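Down below is the structure, laid out as structure tokens.
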Amino acid sequence: MPLSASLLGKNSTYKDSYDATLLFKIPRINNRNELGINSNNLPFYGVDIWNTYELSCLNKNGKPWVGVGTFYIPTDSENIVESKSFKLYLNSFNNFVVESIEELERIILQDLSNVTHAKVTGQIFPINTKIEFGLPSGKNIDDLNIECNNYCPPDNSLIEYEDVLVEEEINSNLLKSNCLVTGQPDWGTIVIKYRGKKLKHDSFLKYLISFRNYNEFAEQCAERIFTDINNSINPDFLSIYIVYTRRGGIDICPYRSLDQNYNLPSNKRLIRQ
């Protein structure tokens, strides 16, 4: 179905009964074709981490239960899930009776796997689980004294480098783009690890800021940034991790890496989550 058929930007009615058909799929291939990415031979590995904070159901006695969930959608999935449809889907469990939280987890993982055409993993946690806040790893580049005048479209010509090999990790809290359909802001913290020609931090920060008024889904922004860096410096190693702020009870955190045997970064919430 075309993106115009989704519920994004439209008035919606919350279903009072569980309904897996609420999940709306978006093919990854459309954006990847634009970026020159071969979906049959991806230049990266990774996942999209979805953290959900509005999750509830009823136990067999009719008593409500609330929790949080974390779900991992692999980058080789055929589709992503449109976030508003996922919110409506999760809320369709509000009056749904389950025998156990394990049953709820199984249902959600199966539904997500069906719509994305991939093996989705994840876990649901009780609401009283202790969660610690974290800090983005690496050197923050936000305090650099730069002059900016490009806020759209993203300009990969701004990525400059020095002809010296380094291994470093940098981060920025200044990444912002807008939802492709609604124009709502997506605020993100990005962490980049790489080994290769040294990125000039001032020009790279300008590049990140050039996304500021750009309309694109979060997962697609991540792959655009990864592709632009990879094409610019051809690093021996590269990974990017973007932690987006919560909207509609959900935050999305894409991770991409050149390393097939990658280790996922800590999924600790940052201060803006």
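Note that Cβ sites are derived from N, Cα and C of the backbone, with glycine treated the same way.
Among the features that Swiss-Prot reports, substrate binding site is placed at VAL81, GLU82, SER83, ALA218, GLU219, with the record citing sequence analysis. A C-beta separation below 8 Å, combined with a sequence spacing of at least six in one chain, links SER83 (substrate binding site) to ARG247, GLY248, ILE250, ILE252.
Residues or ranges marked as NADPH binding site by Swiss-Prot: SER83, LYS84, ARG247, GLY248. In three-state terms derived from DSSP, LYS84 (NADPH binding site) belongs to a helical segment. When other Cβ atoms within 10 Å of the Cβ of LYS84 (NADPH binding site) are tallied across all protein chains shown, the result is 22.
Feature annotation from Swiss-Prot assigns active site, thioimide intermediate to CYS179; the stated evidence is sequence analysis. CYS179 (active site, thioimide intermediate) falls within neither a helix nor a strand when secondary structure is assigned with DSSP, and so counts as coil.
Taken from Swiss-Prot, the feature active site, proton donor covers ASP186. A strand conformation is recorded for ASP186 (active site, proton donor) in the three-state DSSP classification.
Residues VAL81, GLU82, SER83, ALA218, GLU219 are recorded as binding substrate; their most distant pair of Cα atoms lies 11 Å apart.
In this structure the alpha carbons, written CA, of LYS84 (NADPH binding site) and GLU219 (substrate binding site) are 15 Å apart. When other Cβ atoms within 10 Å of the Cβ of GLY248 (NADPH binding site) are tallied across all protein chains shown, the result is 16. The Cα atom of CYS179 (active site, thioimide intermediate) lies nearest to that of ALA218, taking the binding-site residues GLU82, ALA218, GLU219 as the candidates. In this structure, the recorded positions under consideration are VAL81, CYS179, ALA218, and the one with the smallest number of other Cβ atoms within 10 Å of its Cβ is CYS179.
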